[in-house]
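Enquirer: Quick one: the structure is below, and I'll ask about it shortly.
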Amino acid sequence: MMTGGGKYTTIDNQKLQGSVPAVPDPSHVAVQFTDSNMQTFPPSGLQGKISSASGPPRDVDDTFSKPSSGSDEPQSSGWFRAFSVSSYKQYFDVDTSDVVDRIKDSLIPFRDSFNEKTSSNPDLYGPFWICTTLIFVAASIGTFVTYIAHKLQHKEWEYDIKIVTWSAGLFYGYVTIVPVLLYVILKYFSAPSGLVQLLCLYGYSLFVFIPALCLSLVPLVIFRWVVTAIAGFMSATFVAINLRAHIKSAGESWILIVAAIFLLQLALSVVLKLYLFTVTV
């Protein structure tokens, strides 16, 4: 180093080497990782569609999932719940043993414990499949009996699709419209009953017509009338007795309401006899 007088002074090599940092080897690259939790995926701070380890993506159709209490999803209320699939899930949450027990109760019409047993958990699963089975049985047996009758008389046979549509309209319509009308009537007489409870009761009351339809294969008119009368009486008695205790709170008119329920159920059996239990060629 040159001083003010123009002379050079020597710097101690050791001090010079100690003050200048060493140049690293360019072939050696040091990689340093920042601290992170590699065991948790996704990270808690990650934003986007995946917001938690257990929650589904926000754009997934979660119609059948129940939103959590802290969810910001709008809750349907009032009449809008009737258009939500999740509102009906509880009415199909039954075991096979529950359905079998309720079917057994429907075949013992003089017991009035059906409404009491199903008051806490009325279902629509059993009524739906009972009506669907009735439609299938009515269509298949009616078609089979008509086919045999035509062949025995050496006549040409054609499949009639009307029996399927007619059966579907009859059973689905009856098990829906009649309970709704009865619900309105009971509400008018200040003896309201649950609509689902009425749908459940009327649905199971139709089960007795399944074996009755199967017995209609016997080609005897008197036998078919006897089977129809027994099935109709059992079904009507089952509905009337289970509603009698509740309808008594409607006042003096309860007898007329119960009688109308009984006669309407008998009328259904007569309609079945005239249109399903009768084969004409």
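Glycine is treated like the rest: Cβ placed from N, Cα and C.
Okay, these came from TrEMBL:
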COMPBIAS  33-42  compositional bias 'Polar residues'
COMPBIAS  65-76  compositional bias 'Polar residues'
DOMAIN    111-270  domain 'Yip1'
REGION    1-76  region 'Disordered'
TRANSMEM  124-149  transmembrane segment
TRANSMEM  169-186  transmembrane segment
TRANSMEM  198-218  transmembrane segment
TRANSMEM  224-243  transmembrane segment
TRANSMEM  255-276  transmembrane segment
Enquirer: Using a Cβ distance cut-off of under 8 Å, indicate which of 124-149, 224-243, 255-276 has the most pairs with the transmembrane segment (198-218).
Expert: 124-149
Enquirer: What else in the chain is close to the transmembrane segment (124-149), if you only count residues 6 or more beyond its ends and a Cβ gap under 8 Å?
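Expert: Residues 88, 91-92, 94, 99, 102-103, 157, 159-160, 163-164, 167-168, 171-172, 175, 196, 199-200, 202-204, 206-207, 209-210, 213-214, 216-217, 219, 276, 279, 281 contact the transmembrane segment (124-149) from elsewhere in the chain.
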Enquirer: Considering every residue in the domain 'Yip1' (111-270), what is the mean pLDDT value?
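Expert: It averages 88.
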Enquirer: Could you pull out which residues elsewhere in the chain have a CB under 8 Å from any CB of the transmembrane segment (255-276), counting only those six or more residues past its ends?
Expert: 138, 142, 163, 166-167, 170, 174, 178, 182, 185-186, 189, 205, 209, 212-213, 216, 224-225, 228-229, 231-233, 235-237, 239-240, 243-244, 247
